[in-house]
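Inspection log for the structure reproduced underneath, given as structure tokens.
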Amino acid sequence: MSTFVKVTDLITIMFFLAIAAVITASNTAELDVLEMARTAVVEAKTSFGSMAVTEATSEVAGSYYKLGLSECEKLYDESEARLSKLVVDHENFTVEDVRTWLSGVLANHHTCLDGLIQQRQGHKPLVHSNVTFVLHEALAFYKKSRGHMKKRLHGPARQGHGPTRPKHRPTRPNHGPGRSHHGPSRPNQNGGMLVSWNPTSSRADFVVARDGSATHRTINQALAAVSRMGKSRLNRVIIYIKAGVYNEKIEIDRHMKNIMLVGDGMDRTIVTNNRNVPDGSTTYGSATFGVSGDGFWARDITFENTAGPHKHQAVALRVSSDLSLFYRCSFKGYQDTLFTHSLRQFYRDCHIYGTIDFIFGDAAAVFQNCDIFVRRPMDHQGNMITAQGRDDPHTNSGISIQHSRIRAAPEFEAVKGRFKSYLGRPWKKYSRTVFLKTDIDELIDPRGWREWSGSYALSTLYYGEFMNTGAGAGTGRRVNWPGFHVLRGEEEASPFTVSRFIQGDSWIPITGVPFSAGV
């Protein structure tokens, strides 16, 4: 008996040693993959930085090209910061966190190249191909490895609340009794900080009013004050923007995490500008409001770009913020209104207006209970609601529109029959978009979807529709592309839900914003 026990113990020990060896090898492989990705990004950043320095003193290079190089530096700087965080703390991230951040790094890379092409400038092929290849391999590694890495990286699930919260994620603001307040108190942070905030009874860190009755007259002044707080600032900073039209170009950079903006309501608090591509911006740079700081929340604000349809690409809002959320906001523009650039995003009870590709980008974005208003384009144009930009089969990005409504904007209603309108078209090779239980107006063409150029991406894209309603929801005459799918059951639709697509049940509840975790 004792011999048997010893043999059994030996087998058990050998088994656990083998498991430990696999885990160690896995950790080493992960670190190697992330280090290679960071090295490639740093090399690209250095290369484009050198080019920017050279062009800054050149009398030949145009200012638009210099602008494109400057944006590339910024994008690679953001990517380097994310990859450095992953290298140091990769064991504290879930698999989906890592895949999301790698997907965001790849989106930054492609955005840099797209911007240079837009300015009719080339790029260094070696830099391009090296970064693309390394990030593709890193994404493939995590997609293939997530089975055996799942337990170690995800840890035990919290009962009924999804995965445990990794250290990098936005945390609950820490304003305990030790911090003295003057005036109204902050809302109950455990009861829905964003939803419960009230301008008459809740406290903001900064207040913006055009008439000078608050701490600042402009949003940019308030954000500058946030920057000056440095490391001493609160976990979440609340900025209340009173009713008014704020003609500003705003950029919330990667250092400004956990910013919460609250306005006085759609079409009452308005942030506006008119930058556009024909006048010299890149699509990325044309945004009236751009945000790269993670954990960004906004409520009761309109973001708009007034450049008009004749100015083509003109972004109202660009979002490159992980775990970002927009509640009761409006986004107004024509072409390229809402740039869901990268990372995980949630939109609830929002209004989106536009004509061509007006919800686009390479984020993992979910829209719930939103109203999508198709506007009148120029006479020779058609309308495409979405243009999702997934360019690698291993990224976890896409657009999911759920429990929403597609309608003609008031000025378009009477003439909508004169124009072709579609649910979307494939901006990139692996474009991925689904409409789930959404009410679709008859303005949508029976084909549903439109080609980008010939047969490009028709076999590699993923477009899906599930249980939609309305006169434009019939799938009998939809396109017969290999990549188009009529989803037959909830099991096919569930990968695109809040819970699974953006892991929202682990980070949305603290806001208090209502959401459906499933189909």
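Cβ coordinates are placed from backbone N, Cα and C, and glycine is handled just like the others.
From a predicted model like this one, the values you see are computed outputs, not experimental measurements.
What Swiss-Prot records for Asp336 is active site, proton donor. Asp336 (active site, proton donor): 28 other CB atoms within 10 A of its CB, across all protein chains.
Within 10 Å of the C-beta of Asp357 (active site, nucleophile) there are 25 other C-beta atoms, taking all protein chains into account. In this structure, Asp357 (active site, nucleophile) is part of a beta strand by DSSP. Annotated active site, nucleophile per Swiss-Prot: Asp357, in sequence order, evidence recorded as sequence analysis.
In the three-state DSSP reading, Thr283 (substrate binding site) counts as coil. Residues or ranges marked as substrate binding site in Swiss-Prot (evidence: similarity to another entry): Thr283, Gln313, Arg425, Trp427.
Summarising the annotation, Swiss-Prot assigns compositional bias 'Basic residues' to 164-184.
Sequence annotations record features per position, and here Swiss-Prot assigns compositional bias 'Polar residues' to 186-196.
Each residue in the region 'Pectinesterase inhibitor 36' (27-141) has a pLDDT score, and their mean in this model is 85. Marked as region 'Pectinesterase inhibitor 36' by Swiss-Prot: 27-141.
What Swiss-Prot records for 147-196 is region 'Disordered'.
Feature annotation from Swiss-Prot assigns region 'Pectinesterase 36' to 205-505.
Under the heading signal peptide, Swiss-Prot lists 1-25, citing sequence analysis as support.
Gln335 (site 'Transition state stabilizer') falls within a strand when secondary structure is assigned with DSSP. According to Swiss-Prot, the feature site 'Transition state stabilizer' maps to Gln335, an assignment based on similarity to another entry.
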- Message: Cβ atoms within 10 Å, counted per site: which of Gln313, Gln335 has the most, among these recorded positions?
- Response: Gln335
- Just checking: which of Gln335, Asp336, Asp357 have a Cα that is within 10 Å of the Cα of Trp427 (substrate binding site), counting only these recorded positions? Asp357
- Around the Cβ of Trp427 (substrate binding site), the count of other Cβ atoms that are within 10 Å: 22
- Does DSSP put Trp427 (substrate binding site) in a helix, in a strand, or in coil? coil
- Give the maximum pairwise CA distance in Å, whole number, for the residues Thr283, Gln313, Arg425, Trp427 listed as binding substrate. 18
